[in-house]
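According to TrEMBL, the feature Mg(2+) binding site maps to Ser96, Glu166, His194. According to TrEMBL, the ATP binding site annotation covers Arg332, Asp346.
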Amino acid sequence: MTSERDRMEPDWDAIRTLNTLQTNASYLEQVKRERGDPQVQLEAMKGFLERSGLKVEDLDQLNIIHVTGTKGKGSACAFTERILRNYGLKTGFYSSPHLVQVRERIRINGQPISKELFSKYFWQVYNRLEETKDPAYASMPAYFRFLTIMAFHVFLQEKVDLAVVEVGIGGAYDCTNIVRKPVVCGVSSLGIDHTSILGDTMEKIAWQKGGIFKPGVPAFTVPQPERPLEVLRDRARESPCPLYLCPDLGAYEEDKVFPLGLAGDHQRSNATLALQLSRMWLEQQGYQGSGELKDLWPGAEPPGKKPVPLAPVFRPSIAMVQGLQDAVWLGRTQVLQHGPVTWYIDGAHTTSSVQACVRWFHQAALNEEKPVDGSEVRVLLFNATGDRDTAALLKLLLPCQFDYAVFCPNFTEVSTVGNADQQNFTVTLENVLTRCLENQKKWNQLMEEKKV
């Protein structure tokens, strides 16, 4: 039952109504249906935006940093936002999905907007869209589209100095790609994910990601496999826009290793992307005269023939180094101590990201072998959504030597009736529990094979 306390929360009705607009699973299905003509999707998004009271041109005021990628795009955004906040700038940050509360998706100065602000802007946008319904077309935007429009309203009305915008899915067809003139674009590590929407090869996925490039807007990417990197290069030439390859983080560090707020060696590529994005944003906005960025020097050309030139190496300012250290991105390579239990939490969901997660887990557990006296018990708590190959992911986790494995749905409670943030109307409890049982069977089979 929903408690009276829950009903009194200022954002409760707003979140309940938001949930009727579809959740992420349904949005994915919608993208699959509409992906044949990406222009139709962007035109529809433009129509929703205009009905809400904004024009595409209005978004130019937000000084956007637009970031896509398969792995690490959220972490790269978190590093970038924290760096620029250290310059005294008022930052907006739009990301997805949320871990616990939907308000996490729309942040100002690193903090989710308040329940009061969420409710205020939700109803402001929702009511405008209700008042302008057209029976001939989709009357209301889907969940993710609505939140994207709402985020733009929040950032404009709260007068942020910049907005870091993380792509939802892909790039070319994503509704965040309605942005015409970002200040700079970034592409984090590419991998295989959302294949039914983005394609089943790295090259097809790279084509989708490169869809966020805009004419004349500088773009940066981290080291990628050769063919996908060539696809990104070709997309940049089509735009046309300059595209640069981020140097290894060690090129900036000289004789001192930068401590990162996000654990794991794989975060180093996200950190170097954030350094380049923040430096370019500051430079484009006229901050180069501040003295912080005066020690620039050109980077060396990458060894061998590379399709993309190396970005300049520079001496990061104190604000940049501190931003890398202070960055927080919950649920990614996070360690939580709760009484005698230590939780190791990560959102890895591709084969390469799970491999990185396993490496981080071994490092975070101090590389110690598991005690043979039974004083330590290792439990895997696993959840996966969508059409991912969970058997392949689970196989990668075998070296962690788990004593037990628990397979759960992505609900934090037995009943989500009283928790609107966790409600998902597009899947039944039976469906998600069936998925858990399938994952359990796959794990048991892997464990049996391991014994042989």
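Keep in mind that glycine also has a Cβ here, set from the backbone N, Cα and C atoms.
Ser96 (Mg(2+) binding site) and Arg332 (ATP binding site) have their C-alpha atoms 13 Å apart, to the nearest angstrom. It is Glu166 that, of the binding-site residues Glu166, Asp346, has its Cβ surrounded by the most other Cβ atoms within 10 Å. Asp346 (ATP binding site) and Glu166 (Mg(2+) binding site) have their C-alpha atoms 18 Å apart, to the nearest angstrom. For the pair formed by Arg332 (ATP binding site) and Glu166 (Mg(2+) binding site), distance between Cα atoms is given as 16 Å, rounded to the nearest Å.
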